[in-house]
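Engineer: Got a structure for you, questions after.
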Amino acid sequence: MLSDELESKPELLVQFVQNTSIPLGQGLVESEAKDITCLSLLPVTEASECSRLMLPDDTTNHSNSSKEVPSSAVLRSLRVNVGPDGEETRAQTVQKSPEFLSTSESSSLLQDLQPSDSTSFILLNLTRAGLGSSAEHLVFVQDEAEDSGNDFLSSESTDSSIPWFLRVQELAHDSLIAATRAQLAKNAKTSSNGENVHLGSGDGQSKDSGPLPQVEKKLKCTVEGCDRTFVWPAHFKYHLKTHRNDRSFICPAEGCGKSFYVLQRLKVHMRTHNGEKPFMCHESGCGKQFTTAGNLKNHRRIHTGEKPFLCEAQGCGRSFAEYSSLRKHLVVHSGEKPHQCQVCGKTFSQSGSRNVHMRKHHLQLGAAGSQEQEQTAEPLMGSSLLEEASVPSKNLVSMNSQPSLGGESLNLPNTNSILGVDDEVLAEGSPRSLSSVPDVTHHLVTMQSGRQSYEVSVLTAVNPQELLNQGDLTERRT
C-alpha cells in the first residue's frame, strides 16, 4: 500500500532524477570529492550519525581505500511486508557493506532509520554539490508487488562487491515506478468523478480544472444557409452528401428503386424486403422485433419510461424518448411551418398536423361534395339542365314526373303526343310503353311505338319537322 504522502507528492521522485547526478558505473572518475549532505526529515536519535561520502579518484584502489566506518553510518534498506489484514509491517533492516563510506570528514551522508517506523517509504535527502539545503527531496518507495519473494537489498542477495550507487539507482528506479502507478491511479480516480487533472509545468503541482469540457466541433458545413458542425469526418462527409443529393446506393429489389447515401442504410433497408428483424425486445410479455438496434433501443424506453432528450427552450421543459422527436419539436419554437396543405394552402409546423387537417376538413368536404352532387343530380330532362343551356322549357320534352329513367318503362298516351305539349308529355295509363335508356353525356331519350323507335335530343327539339331536318329525330325500322 502506498502512503498518502506518496500519492500527494509523486513528483518528488521525478525532480530528484532530473536534478541529482548518480554514477552509472565504476568507470566514473571525479577529480575532487563532493560533499553530499543529509537533510534530516525523520526523527534523529542520539545514536544516529552521518558520515561523508568520498567518491574515489581512481576505481582501481577500491579494495585498498576501504576504511573503518561507525556502524551507525551505514546505509540500510527497509523491508516491508504486507500482513494478512492488508496493513504493512516493518521487517528487519539489512545492513549494507560500508565499502565506500569514509570517516575522514564530519559531513553527514545518510541517516539511520528507526526500526519502529511503520511508514512504507524511505526518505533519503540527498543534495548535489553546491546546492546545500535547497536540494530536492527523494521519496524511495518499494513496489508492493515485488515485496514478496524479491525484497530489495535482502540479506540473501546483498553483495559487498556491488557499489552503493548502483543500489541507489535500483532503489530510485523502483520508486519511480511506484510513484508513476500512484499518479495513474489518482488520475483514474479523479477522471471517474468527472474531473480532469493536469500537471502544472512550472511548479509540478496537480490542479483540478473542474468538469470535463465538451468536445469541440471543428468541422463546419460550408453550404450557404447551413450551420451544422461535426466532430468526426465521416459524419461530415455523410452530411455533405445530403446537400448534393448523392444517393449512390440504390435498392436492387424489383419495383422499389429507393436510394441511400451510405451502404449501411441500404443494408438496413433490404431487411424490409426480406422480412428480417434480428433485434428482439426481451421484456416480459413484449417480444417485438425490429430491423435496427436503434429502433429496439428507442422501443425499450417505452418500458423504462426514459426520456433523455430534453427541450432546452426557455419555459418548455418537454422531454422525448427519441432524438428525432426532439428535432421535430424544435420547429415549433423556431416558428417555421414547412408543411403546406395542397388544397387550401394552410401551413403547419408538423407533417402530422397537416395530415390531421386533411382528414378532418378536406376529406369530409370531398365526401359532402360528392353526396351533394348525387342529391342534386336531376333526371335527364331536369329543369336545371335546361336552364343552364338557356333553352325554353316549352319547346322541350319535360319528364319532371319521374325521378329517374334508369331501366324503367314509361306509359305514353300515343306517339303523337310527345311533341308540342307545354307541361307534361309522359302520362300514366297509356297502353303504349316507352323504354328509355338515359345517356347523361348526350341527353338522348329512346322511345318505342310498335315496331318503330325514335331518338329525340331534348336540348334541340322544337317540332317534329325540325327534328327530322336536323337529324335530331331518327327512325329505325326493325
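Backbone N, Cα and C atoms are what each Cβ position is placed from, and that goes for glycine too.
So Swiss-Prot lists these for the protein:
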BINDING   CYS221, CYS226, HIS239, HIS243  Zn(2+) 1 binding site
BINDING   CYS251, CYS256, HIS269, HIS273  Zn(2+) 2 binding site
BINDING   CYS281, CYS286, HIS299, HIS303  Zn(2+) 3 binding site
BINDING   CYS311, CYS316, HIS329, HIS333  Zn(2+) 4 binding site
BINDING   CYS341, CYS344, HIS357, HIS361  Zn(2+) 5 binding site
REGION    187-213  region 'Disordered'
ZN_FING   219-243  zinc finger
ZN_FING   249-273  zinc finger
ZN_FING   279-303  zinc finger
ZN_FING   309-333  zinc finger
ZN_FING   339-362  zinc finger
Engineer: Per residue, counting other C-beta atoms within 10 angstroms of the C-beta, which of the binding-site residues HIS303, HIS357 reaches the highest number?
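Structural biologist: Neighbour-count leader: HIS357.
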Engineer: Around CYS221 (Zn(2+) 1 binding site), which residues of its chain at least 6 apart sit with Cβ under 8 Å of its Cβ?
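Structural biologist: CYS221 (Zn(2+) 1 binding site) has long-range Cβ partners ASP227, ARG228, THR229, PHE230, PHE236, HIS239, LEU240, HIS243.
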Engineer: So, in DSSP terms, is HIS243 (Zn(2+) 1 binding site) helix, strand, or coil?
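Structural biologist: Helix, per DSSP.
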Engineer: Looking only at Cβ atoms, how many others are within 10 Å of the one on HIS239 (Zn(2+) 1 binding site)?
Structural biologist: 17
Engineer: Please identify, among the binding-site residues CYS226, CYS311, CYS341, CYS344, HIS357, the one with the smallest Cα-Cα distance to HIS299 (Zn(2+) 3 binding site).
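Structural biologist: Considering only the listed binding-site residues, the nearest one is CYS311.
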Engineer: Tell me the Cβ contacts of HIS333 (Zn(2+) 4 binding site) under 8 Å, same chain only and six or more apart in sequence, or just say none.
Structural biologist: CYS311, ALA313, CYS316
Engineer: Using the centroid of the Cβ atoms of CYS311, CYS316, HIS329, HIS333 as reference, list every other same-chain residue with Cβ within 8 Å of it (recorded Zn(2+) 4 site), in sequence order.
Structural biologist: GLU312, ALA313, ARG318, LEU326, LEU330, VAL332
Engineer: Within 10 angstroms of the C-beta of CYS341 (Zn(2+) 5 binding site), what count of other C-beta atoms is obtained when all protein chains are considered?
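Structural biologist: Result for CYS341 (Zn(2+) 5 binding site): 16 other Cβ atoms within 10 Å.
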Engineer: I want the residues beyond CYS251, CYS256, HIS269, HIS273 whose C-beta is within 8 angstroms of the mean position of the Zn(2+) 2 site's C-beta atoms, in chain order.
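Structural biologist: Surrounding the site, in chain order, are PRO252, ALA253, LYS258, LEU266, MET270, THR272.
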Engineer: Please identify, from the binding-site residues HIS273, HIS299, the residue with the sparsest Cβ neighbourhood, meaning fewest other Cβ atoms within 10 angstroms.
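Structural biologist: Checked HIS273, HIS299; of these binding-site residues, fewest Cβ neighbours within 10 Å: HIS273.
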Engineer: Using C-alpha atoms, which one of the binding-site residues CYS256, HIS269, CYS281, CYS344, HIS357 comes nearest to HIS329 (Zn(2+) 4 binding site)?
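Structural biologist: Of the binding-site residues CYS256, HIS269, CYS281, CYS344, HIS357, HIS357 has its Cα closest to that of HIS329 (Zn(2+) 4 binding site).
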Engineer: Fill in the CA-CA distance, HIS361 (Zn(2+) 5 binding site) to CYS256 (Zn(2+) 2 binding site), as an integer in Å.
Structural biologist: 32
Engineer: For the Zn(2+) 3 site (CYS281, CYS286, HIS299, HIS303), what does the 8 A shell look like? I mean other same-chain residues with CB within 8 A of the CB centroid.
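Structural biologist: Result: HIS282, GLU283, LYS288, LEU296, ARG300, ILE302.
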Engineer: In whole Å, note down how far the CA of CYS341 (Zn(2+) 5 binding site) lies from the CA of CYS226 (Zn(2+) 1 binding site).
Structural biologist: 26
Engineer: Average the per-residue pLDDT over the zinc finger (249-273) and send me the rounded value.
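Structural biologist: 90, rounded to a whole number.
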Engineer: Measure from the CA atom of CYS256 (Zn(2+) 2 binding site) to the CA atom of HIS303 (Zn(2+) 3 binding site) and give the result in Å, rounded to a whole number.
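Structural biologist: Between the alpha carbons of HIS303 (Zn(2+) 3 binding site) and CYS256 (Zn(2+) 2 binding site) there are 34 Å.
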